[in-house]
Amino acid sequence: MSSEFELIRRYFSRPTAQAILGPGDDCALVAPSPGMNLAITTDMLVEGTHFLPNTDPSRLGWKALAVNLSDLAAMGARPRWALLAGSLPEACESWVGSFAEGLYACATRFGVDVIGGDTTRGPRNLCLTAIGELPAGTALRRDGALPGDDLWVSGQPGLAALGLAHLQARTRLPDELADSCLASLLRPFPRVELGLSLRGLAHAAIDISDGLLADLGHILERSGVAAEVFVAQLPPLPAQADPVLARRCQLAGGDDYELMFSAPPEKRSELAALARRLALPLWRCGHLVGSSPGRIDVFGEEGQPLAIEQRGYDHFG
């Protein structure tokens, strides 16, 4: 069995292109680009809470970094660097090697240098910190939404939660749909290019990690506005899935890592062109109003008001 430092040297000491000094010293050294702000985010993944014990380590390595890059995307930041800290019950080389391959596959895809971290023995927990850059004053913050803004969401929210329900045998999906949902759950694709392109178009943005309605609520509270959401304008539900479960997953499932954002109506044509350029569906699913800050009114397929009991995931709820 390898020692801690042998594991680090073997699997986490790859060359870095954007750092002055990478893994192997007490600190990494980086030089921010002139005129740029740094965007810094961190996320934990805890076995049994965020991933199942039998999760493929390669997929887990990808996801551990991807969920952090999704936060950077929501701010309109370009990913640059990442640090990894984790505890493992044992130094299993096959597990660590597979995890590292997934981690570095994601890092390579999005131009990220892994510049350091820490390991210890304990229950399997992972903590990633990602650092990005963006021009000063251009961040897509949660507090910039305005009454009258359109409300948009990218991609196909709800598939990841359906995938989890399938894994937990709470539903049974046809093979092709199950594969698509499990890919959304286990190998999310952070919308980095969308986030970069939304600078100057969107007023506010957030990534959907805890559920579409729950995360929308954060924008509303920070911006002092309310929202009307129309489910008929959200992506169509998978025809092969239970419609009640699929709708619940779409509105409150979480783990999607799509972007929800607000933008003024005059940006609709530019956003339509952006969707075509990125080959990424963007759904205009509602609008913001100035009364009752934080309130979300949801309307069904026929325009009828819907009572939503659960908006999303709360670790202490």
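Each position is counted from 1, following the chain as shown.
The backbone N, Cα and C atoms fix where each Cβ goes, and this holds for glycine too.
These features come from TrEMBL:
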- Asp26, Asp71, Asp207: Mg(2+) 3 binding site (BINDING)
- Asp26, Thr41, Asp71: Mg(2+) 4 binding site (BINDING)
- Thr42, Asp43, Asp118: Mg(2+) 1 binding site (BINDING)
- Asp43, Asp71: Mg(2+) 2 binding site (BINDING)
- His50, Asp255, Tyr313: substrate binding site (BINDING)
- Gly117, Asp118, Arg142, Ser209: ATP binding site (BINDING)
- Asp210: Mg(2+) 5 binding site (BINDING)
- 24-132: domain 'PurM-like N-terminal' (DOMAIN)
- 147-293: domain 'PurM-like C-terminal' (DOMAIN)
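Here the features listed in TrEMBL are painted onto the structure.
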| residue | record | contacts (Cβ under 8 Å, 6+ apart) |
| --- | --- | --- |
| Asp26 | Mg(2+) 3 binding site | none |
| Thr41 | Mg(2+) 4 binding site | Asn68, Asp71, Leu72, Thr129, Ala130 |
| Thr42 | Mg(2+) 1 binding site | Asn68, Cys127, Leu128, Thr129, Ala130 |
| His50 | substrate binding site | Met44 |
| Asp118 | Mg(2+) 1 binding site | Ala85, Gly86 |
| Arg142 | ATP binding site | Ala204, Ala205, Ile206, His218, Ile219, Arg222, Ser223 |
| Ser209 | ATP binding site | Val67, Ser70, Asp215, Gly254, Asp255, Asp256, Tyr257 |
**Message:** Looking at the binding-site residues listed here (Asp43, Asp207, Asp210), whose Cα lies nearest to that of Gly117 (ATP binding site)?
**Reply:** Asp43
**Prompt:** If you count Cβ atoms within 10 Å of each one, which of the binding-site residues Asp43, Asp207 comes out on top?
**Reply:** Asp207
**Fill in**
Students should find that the Cα atoms of Asp43 (Mg(2+) 1 binding site) and the residue listed as 'Mg(2+) 5 binding site' sit apart, in Å rounded to an integer, by 13
**Prompt:** In terms of DSSP three-state secondary structure, what is the assignment for Asp71 (Mg(2+) 3 binding site)?
**Reply:** helix
**Request:** Mind computing the max CA-CA distance among Gly117, Asp118, Arg142, Ser209, which the record assigns to ATP binding, rounded to whole Å?
**Result:** 31
**Message:** Can you tell me how many other Cβ atoms are located within 10 Å of the Cβ belonging to Gly117 (ATP binding site)?
**Reply:** 18
**Asked** When you measure from the Cβ of Asp255 (substrate binding site), how many other Cβ atoms are you left with inside 10 Å?
**Response** 24
**Fill in**
Using DSSP three-state counts, the residues of the domain 'PurM-like C-terminal' (147-293) come to 67 helix, 27 strand, 53 coil
